[in-house]
Amino acid sequence: MTSTAKPARPMNPVIILLGILLLATLMTWLVGSGSYERSGRLIVPDSYAPMAKDWSLTGVFVPVDAREGMATPVSLTETVRAIPEGLQRAANLIFMVLIIGGLFGILDRAGVVENGINRLLHAVKGNVMVLVAALMTIFSAGSAFLGLASEYLIVIPVMTALALRIGLSPIIGFAIVTIAVKVGYLASVTNPIPLTIAQPLVGVPIFSGAGLRLAFYAVFLAAGIGFLLYRVRGMTDGRAITVSDHPVPDMTWREGAMLAILVAGIGIILTGSTRWEWSHHELSACYIAMSLGLAAASGLSPNDSADAFISGMKKVLLASALIGVAMAVTVVLEDGRILDTIVHALNGAVGEHGAYVTALSMFGSQLLLDFLIPSTSGQAAVTMPILAPLAQLADVGPQTTVIAFLFGNGITNMLTPTSGTLLAYLAAGRIDWLDWAKFIAPLWAGFIVIASILLAIAVWLGA
């Protein structure tokens, strides 16, 4: 008798995020409130003060009017309101992801993606192993040295299409970019995004200690490439990973023009991000201009171009909205005045121990805090002013303190569902978060072990 049971469906990421949001709301009823004084974005060390809190159960469903200076738990009404507020806060990133989805829709409709993949495979003579290692090295270098992350959103759909083209799961193509970016941020050899905030706060010049971080970058990159190649071999049952060489048609002038627009646009984006401090507004405007140029060069009619753009946006619409839902978690923690309390408790747990224990404790606190503060620059601004004096008391060097922060932030950001950047990546690649979490979990655990060993080496070297 054959079984007619339906296979279990994976949990929808909307349900996961709503569960996390409700958990955050519950925490505001269980955790005391408090706050640090701030100078701009930076926390003032030793300024934490607990706040009186109105624990009245009348505030479960609707907010209560608390006295001035008194905190209140977050009501269910405020929890629902946090979702549109989160969408509003994340609107810049959400719209940028939608525009990139539309841009890729034009590229796909014009046939540029398929032809480009064929030419790429032809260039490496069908050797997928070489291709994976080369691409991961290139992408990770951009993150480690320049801080590139959101700039790679446009590449992710190409990589997932490449994986499908060679008979692999699209998650392999997604992992090529995502693991590489996270490796780059873990090491941050000269990454300006965390280092320009973290290093001055521990009293060392910006970009100093790059030699040690470069060595650590090589270790993490080798581990990441090795893991992904192992997973590729597992998907092919150990057979040789090569792709037969198909005839590649000559590049047409239209394809050449579209390639030139892409290269020029990416160059402008890189320059704008690193030199002109562009925000999401400017980046989105650049992607719109690129889309218009690509549509004009593609040979598609105006109607077909518009249809392709809208079709591309539809493919990332739901996942893009999840970015705003994830931001709602931060809104709830802030409204309940418990975010600073959690920061204070975790950093207080670091305590005054020996150098090795303190370094590992700092790393552990950053791992946990990243679930609540996934922003790299935001986490640096909140935690480094507190960690710096604790590290000094335990004779932990300033470079090691920065490395502990980088490792904790980078590793958790590989899978935390509250990270807007990761959700944007998942949206661009149309990858389910649960599938990604299962795929990356072994490497995530391995990176924690590697990071602990490298931190101990940094302490031993007196960095």
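Glycine is no exception: its Cβ is also placed from the backbone N, Cα and C atoms.
Remember, TrEMBL labels are computer predictions, not curated facts.
According to TrEMBL, the features are:
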{"type": "TRANSMEM", "residues": "12-32", "note": "transmembrane segment"}
{"type": "TRANSMEM", "residues": "90-107", "note": "transmembrane segment"}
{"type": "TRANSMEM", "residues": "128-148", "note": "transmembrane segment"}
{"type": "TRANSMEM", "residues": "154-181", "note": "transmembrane segment"}
{"type": "TRANSMEM", "residues": "214-232", "note": "transmembrane segment"}
{"type": "TRANSMEM", "residues": "252-271", "note": "transmembrane segment"}
{"type": "TRANSMEM", "residues": "316-333", "note": "transmembrane segment"}
{"type": "TRANSMEM", "residues": "402-427", "note": "transmembrane segment"}
{"type": "TRANSMEM", "residues": "439-461", "note": "transmembrane segment"}
Does the chain bring the transmembrane segment (439-461) near the transmembrane segment (154-181), so that three or more CB pairs sit under 8 Å (pairs 6 or more apart in sequence)? yes
Considering only the recorded stretches 154-181, 214-232, 252-271, 316-333, 402-427, state which has the highest number of Cβ pairs under 8 Å to the transmembrane segment (90-107). 316-333
Leading contact stretch, 128-148, 154-181, 214-232, 252-271, 316-333 vs the transmembrane segment (402-427) - CB distance under 8 Å: 316-333
Do we see three or more Cβ pairs under 8 Å linking the transmembrane segment (214-232) and the transmembrane segment (316-333), pairs being at least 6 apart in sequence? no
